[in-house]
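J.: Sharing a structure here in structure tokens format.
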Amino acid sequence: MVEQDSEDPWDLPELKDAGVPWSALDTKGKVLKVLVSVMKFIILLGLLYMFICSLDILSSAFQLVGGKSAGDIFQENSVLSNPLAGLVIGVLVTLLVQSSSTSSSIVVSMVSSGILTVKVAVPIIMGTNIGTSVTNTLVAMTQAADRSTFRRAFAGATVHDFFNWLSVLVLLPLEVASGYLYRVTELIIESFQIESGEAPDLLNVITDVLTEAIIQLDESVIGGIASGDSDSRNKSMIKIWCQTANETILQNFTVPGVVNCTFPTLCWVEGNYTVIVKNVSVMSNIKKCNHLFVNTTLPDLAVGLILLALSLLVLCSCLICIVKLLNSMLKGQVASVIKKILNTDFPFPFGWVTGYIAIVVGAGMTFIVQSSSVFTSAITPLVGIGVISIERAYPLSLGSNIGTTTTAILAAMASPGDRLANALQIALVHFLFNISGIILWYPIPFTRIPIRMAKSLGNITASYRWFAAVYIILCFFVLPLLVFSLSLAGWQVLVGVGVPLVVMLIVVVVINVLQKRKPGFLPAGLRSWDFLPLWAHSLDPWDKVVVAFTAKCCCCCKCCQDSNDDQGHEVQESVEQSTEIHKAAYDNPAMAVEKEVEDEIKIELDIIKAAKL
């Protein structure tokens, strides 16, 4: 069972400063302390820069490893017509490429080219919203060492997950029944005369200096595969030529006969063939890219795995260093000031405004970094060490969802004029989906269910830390793959299997709520789950299995190590014993004979024991 602490585990901890107080320092000490603080701040900025760059490289690595598979998934148009399948495909593709911007851009290009309709693409956009929230959940796993920190960090990360899942559970059926998102965005597009523009490069101007020196990708390959272009399947996603140009040249073509000539001076007969000359547009390569893998002979998968390992190493290292550095910087009076600024509401009657300002701040910061994953992953360790409360992290995450959609809108505005309307409508669908979710789950405090769900999960994972991995695997891999498999089998199978499971889940949730709040409304047998086997309503038996399995694995590893150590000790002891025997034989021949007999008996016993084992 989940342990109950005597004090509220969600109270922000007081980070005490164990150093010498400022007032007790002399001039030299104060100058030194200021210099150290400035140096720590510079190092923190450097670590944040490396952290953001590693997330960008991680996204590129996932695209190299699974990008072409993502394109193949998008190509299944018959499956995409099923809203649930479209939702799951959006989740899986975003997990594969680790970038909602990339998966959204693929959807926009497919809609623009007419391969998908806007109505079919709406559930896919919802799925990309869910898939992008896995990054900060994985970041929270790096803080599993400390129970209290992990409780807060995992809850702060999963509050974003629960918001996205709950929004989909309400808005997807509503969209299927009424076409709410499609119709509203269609009215917006028809009402405003919007001209093409370009998406701004903000933080990318700084990060691209490093990331483009490591790897550059041709993201049009994924879109080409999704669009059914057979040539794209054989192309490498690693970009080789960064500067190209279209040139028009004259080229000869053979035609069946003279009747096919369009201009006499550009047509002649050679033997049995009629030749014509046409202007042809060809792509010429001008300048090669300057990144580490521009001349590599390795396949995309190998390069992706190399970058995946390196980016994960850098990401985890930067995150651990950031957390330790923040712990050393945010202490005493500094921590009090920062926590007061971030977590204090405005005075009555304007307290309700604070959360909406946090939403605006989250949207603005995400617009600057142009990635919701980067922003939510950056605030996750702050929630873990207790600088930001989960109640404040929630509106910041909601604002992050809005910020990433504004970037998509600006990117859609860069589309050509004939494709602008559809591209922009899909981007507005993403924006309206998040706005609708905020209206559902934020304005009224009672409706802020994601906070309560995240805290409950945080309490569970604090006691059973292995359950965090189970949650990630179930929610982001097993459940989407199960729904996708059932969708492939057809509506009848999906409804036949899915409806009973959903009904059972709803019944269990209702009974749980009644057990806690109104147990008198339930029959005596349902006021607790004690009538079920212990493993069906408690994680204790599963915890024992996991602990036993982990201990056995550790024991096996330790036994192997101990065995090697024992063999070394035995060799050393045998050498020492041999030396002692020879020495004893020289001093006392009778005692040496007796010692040799004892050693022979001991060796025989060891052989018998080893044979039994």
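Cβ coordinates come from backbone N, Cα and C, glycine included.
So TrEMBL says this about it:
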- 34-58: transmembrane segment (TRANSMEM)
- 79-100: transmembrane segment (TRANSMEM)
- 120-141: transmembrane segment (TRANSMEM)
- 162-182: transmembrane segment (TRANSMEM)
- 301-326: transmembrane segment (TRANSMEM)
- 346-368: transmembrane segment (TRANSMEM)
- 423-444: transmembrane segment (TRANSMEM)
- 464-483: transmembrane segment (TRANSMEM)
- 489-514: transmembrane segment (TRANSMEM)
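Describe each of these features in terms of where it is and what it packs against.
T.: Under 8 Å from some Cβ of the transmembrane segment (34-58) lie the Cβ atoms of residues 98, 135, 203, 206-207, 210-211, 214-215, 307-308, 310-312, 314-315, 318-319, 321-322, 325-326, 328-329, 369, 371, 373-374, 377-378, all in the same chain and six or more residues away from its ends.
Packing against the transmembrane segment (120-141) from elsewhere in the chain are residues 55, 80-81, 83-84, 86-95, 98-100, 103-104, 107, 110-111, 150, 153-154, 156-158, 160-161, 164-165, 167-168, 171-172, 175, 181-182, 315, 319, 372-373, 376-377, 380-381, 384, 401, 404, 426, 429-430, 433-434, 468-469, 472, 476: each is 6 or more residues past its ends and has a CB under 8 Å from a CB in it.
Away from its own ends, the transmembrane segment (301-326) comes close to residues 40, 43-44, 47-48, 50-51, 53-55, 57-58, 60-65, 139, 142-143, 214-215, 238, 293, 381-382, 384-385, 387 of its chain (Cβ-Cβ under 8 Å, at least six residues beyond either end).
Long-range neighbours of the transmembrane segment (423-444) within the same chain, counting only residues 6 or more positions beyond its ends whose Cβ lies under 8 Å from a Cβ of the stretch, are 104, 107-108, 111-112, 118, 121-122, 125-126, 128-129, 163-164, 166-167, 170-171, 180-182, 184-186, 188-189, 194, 355, 359, 394-395, 398, 401-402, 405-406, 408-409, 411-413, 415, 450.
Same-chain residues lying 6 or more positions outside the transmembrane segment (489-514) and placing a CB less than 8 Å from one of its CB atoms are 82, 84, 483, 521-522, 526.
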J.: Which sequence-distant residues neighbour the transmembrane segment (464-483)? Criterion: at least 6 residues beyond either end, Cβ under 8 Å.
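T.: Beyond its ends, the transmembrane segment (464-483) has Cβ neighbours at 84-85, 87-88, 91-92, 95, 131, 134, 137-138, 140-141, 144, 147, 150, 154, 158, 161, 165, 457, 494, 498, 539, 542-543, 546.
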J.: Mind checking which residues of the chain, 6+ beyond the ends of the transmembrane segment (346-368), have their Cβ under 8 Å from one of its Cβ atoms?
T.: 202-203, 374-375, 392, 395-400, 402-404, 406-407, 438, 442
